[in-house]
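Beneath this line is the structure, given in structure tokens, with notes to follow.
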Amino acid sequence: MGSPGASLGIKKALQSEQATALPASAPAVSQPTAPAPSCLPKAGQVIPTLLREAPFSSVIAPTLLCGFLFLAWVAAEVPEESSRMAGSGARSEEGRRQHAFVPEPFDGANVVPNLWLHSFEVINDLNHWDHITKLRFLKESLRGEALGVYNRLSPQDQGDYGTVKEALLKAFGVPGAAPSHLPKEIVFANSMGKGYYLKGKIGKVPVRFLVDSGAQVSVVHPNLWEEVTDGDLDTLQPFENVVKVANGAEMKILGVWDTAVSLGKLKLKAQFLVANASAEEAIIGTDVLQDHNAILDFEHRTCTLKGKKFRLLPVGGSLEDEFDLELIEEDPSSEEGRQELSH
């Protein structure tokens with residue numbers, strides 16, 4: 001063991017070295033040493049509690065961090081997902097009108113005049129243009145000599161669609177149109193919520209056809225026509241006759257649509273007027289029923305077509321009435337009951 005004097009000498013020597021290690025410019029200032037916080041260990045002291053809690057803390061801290069990151073991700077993702085859902089809802093709402101119809105140019109010779117004007121009027125109705133918009137698109141669609149006919153009209157006449165139409169037809173002639181098999185004036189008196197449905201299809205689109213013996217013509221809603229044809233205006237033919245509803249008003253008709261109706265495996269040719277005549281998507285009137293010699297039995301709720309008997313579903317009936325299927329009986333001796341397209 002060393003003597004107390006030797007220990008004192010070593011301590012003074014260390015203090016002397018520390019003093020000489022300080023920069024000359026830094027005067028020695030005597031500062032009181034701040035006491036260490038009571039919660040921290042002193043030098044050389046180990047707290048057993050910290051050793052025991054260290055592994056636990058090393059697990060909890062990353063877990064909490066991951067939790068906060070996950071919550072932040074969810075908070076950022078929810079508005080985006082909500083936005084996507086809202087957009088999807090908007091698209092589904094817009095599904096009924098997916099097309100922005102634009103008239104093709106007309107120079108007087110590229111298209112038969114009355115067919116072009118009919119197509120233009122259909123586009124006007126589908127797009128719900130006002131009068132000013134209709135006239136603007138009319139002028140912008142004209143080319144060449146057709147535009148010359150328009151420019152030679154007075155400003156007042158240019159603002160009247162009927163006058164412009166008459167001038168174009170007079171300038172380029174109207175070829176004879178094929179006569180329609182329909183009468184000149186027809187009264188459309190549907191059953192107004194009464195009647196029976198047939199379940200079928202047009203193309204690949206499922207349709208509930210209202211069988212209405214009170215309607216002289218068959219009608220489909222423009223939305224159904226657009227869904228089946230993808231808005232193909234070439235599928236519409238002009239309708240020159242007049243159809244009046246029960247109150248005497250004239251029905252606005254976009255055109256005549258020749259298509260095929262599928263009832264089970266049976267296909268029938270049918271001609272529909274495309275018009276927003278009622279809330280029904282499709283109405284089968286007496287014209288189609290008579291063309292195919294349909295036999296309606298309202299007592300037993302059946303409709304017989306080409307040897308096939310189909311169930312009629314009551315309007316406003318319960319869902320239980322709409323069980324699978326339509327075809328309930330077939331006459332095996334009937335050659336007309338085959339799958340070919342019936343005329």
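Note: Cβ is positioned from N, Cα and C throughout, glycine not excepted.
These come from Swiss-Prot:
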- Asp212: active site (ACT_SITE)
- 207-288: domain 'Peptidase A2' (DOMAIN)
- Asn276: N-linked glycosylation site (CARBOHYD)
- 1-55: topological domain 'Cytoplasmic' (TOPO_DOM)
- 77-343: topological domain 'Extracellular' (TOPO_DOM)
- 56-76: transmembrane segment (TRANSMEM)
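In the domain 'Peptidase A2' (207-288), helix, strand and coil residues by DSSP number 14 helix, 39 strand, 29 coil. When the Cα atoms are compared, Asn276 (N-linked glycosylation site) and the residue listed as 'active site' turn out to be 16 Å apart.
Asn276 (N-linked glycosylation site) has a Cβ environment of 15 other Cβ atoms inside 10 Å.
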